[in-house]
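Only one structure is covered here, and it is reproduced in the block below.
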Amino acid sequence: MEIRLWAKNKPENRVKIAQAGAIRPLISLISSSDSQLQEYGVTAILNLSLCDENKENIVLSGAIKPLVRALKSGTSTPKENATCALLRLAQSDENKVMIRRSGVIPPLVNLLERGNFHGKKDASTALYAVCSVKKNKVRAVEAGIMKPLVELMANLGSGMVDKSAFVAGHFDVTLMVLSPSRVGLTL
């Protein structure tokens, strides 16, 4: 918990914490069966990922798969923070491919469909970032991204109309390639 807080508010602490070798032990907490420890681990990794200097070390230390597992099976806060950490790590094209290969797209689509407001917002942003690579767009469309995006656009009270429309616009070419039945829409 303390490492998470030290990394949250002071950018210079993020580099020092990583240099001290904290990344691997924090990653191991992400896989904990104790939901509180998992939350601390995920959140600490998220805070460390805010420093560009730490991203490569986080990825090379094996954080992607545990973050995806937390996204799949964690409680609300670890899911949202794992999504944000993956979003930060996806700022590199090389990482986007590794993140997609980890199976992240279906759980992100699930969070977009079933999460709370923050979860949906984070999932849409992460999906947009990960799906700047064409293969990832196809995977997202096949995982059913269009249905929750269209539902959020149609729900004026969702607070997600503009964001969903922006993300959906990212997939126009992909939709031309896939048949409507493969993307879960009926026309």
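Yeah, the Cβs are placed from backbone N, Cα and C, and that goes for glycine too.
What TrEMBL records for 2-157 is domain 'U-box'.
As annotated by TrEMBL, repeat 'ARM' applies to 21-63 (among others). Under DSSP, residues within the repeat 'ARM' (21-63) fall into helix, strand and coil as 32 helix, 0 strand, 11 coil.
Marked as repeat 'ARM' by TrEMBL: 62-104 (among others).
Per-residue pLDDT, averaged over the domain 'U-box' (2-157), rounds to 92.
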